[in-house]
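Trainee: Can you read through this structure? Questions will come right after.
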Ligand code: IDP
Ligand code: MG
């Protein structure tokens with residue numbers, strides 16, 4: 001572990017679409033297998049006010065009301081994971097906020113453009129990769145974007161006594 005590495009806690013939440021698609025276990029599995037320690041976990045249908053508070057930094061955005069309505073429409077799985085650089089690593093594990101926007105941007109750049117398929121098949125080969133039902137609210141899972149927002153989010157979703165302190169005996173094998 002280098003001096004720059006820090007033990008952090010991050011707030012991870014399987015969103016409504018992730019729960020509906022049966023991905024709670026898959027997401028927990030990925031954080032467990034990476035070696036992170038589960039500190040708290042709850043399954044709940046959050047109120048609209050609660051979700052509005054969670055996303056209050058985005059309140060000026062046009063999609064804010066729709067996003068909050070979506071996030072309070074069904075159950076979510078909220079959790080806290082702890083480990084080395086957990087905040088940044090969690091974001092990397094989640095991937096792009098909007099995979100469709102990312103695909104559009106990146107597939108329209110080299111080396112895709114100019115290949116036999118993209119040339120002969122025109123723009124259809126791009127649009128066929130994009131799911132027509134996709135909405136940019138529903139991107140399966142939330143992860144804190146900084147240590148500061150992780151702290152705020154953890155205290156919004158969990159009471160202090162719900163954060164479980166325990167010794168993960170495997171940590172000596174994960175962190176040398
Ligand atoms: P993040 O979740 O990767 O931190 P933010 O920009 O903080 O991304 O947006 C929070 C959430 O708001 C996203 O995960 C997504 O669910 C939703 N969202 C972001 N941009 C849009 C948009 O342009 N339209 C609809 N929903 C959006
Ligand atoms: Mg964000």
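From the backbone N, Cα and C atoms, a Cβ is placed for every residue, glycine too.
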Trainee: 15, 63, 97, 104, 139 bind ATP according to TrEMBL; which of 9, 91 goes with them?
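Mentor: So, going by the record in TrEMBL, that would be 91.
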Trainee: So if I draw a 10 Å sphere around the Cβ of residue 139 (ATP binding site), how many other Cβ atoms end up inside it?
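Mentor: Excluding its own Cβ, residue 139 (ATP binding site) sees 18 Cβ atoms within 10 Å.
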Trainee: Across the domain 'Nucleoside diphosphate kinase-like' (7-165), what does the mean pLDDT come to, as a whole number?
Mentor: 87
Trainee: Taking ligand 1 as the reference, state which of the binding-site residues 15, 91, 104 have a Cβ closer than 6 Å to one of its atoms.
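Mentor: The ones that qualify number zero, so the answer is none.
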Trainee: Including all protein chains shown, what's the count of other C-beta atoms within 10 A of the C-beta of residue 104 (ATP binding site)?
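Mentor: Cβ-Cβ neighbours of residue 104 (ATP binding site) within 10 Å number 14.
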Trainee: Identify, in sequence order, the residues in the chain of residue 15 (ATP binding site) that are 6 or more apart from it along the sequence and have a CB within less than 8 Å of its CB; answer 'none' if there are none.
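Mentor: Residue 15 (ATP binding site) has long-range Cβ partners 71, 76, 138, 139, 140, 141, 142.
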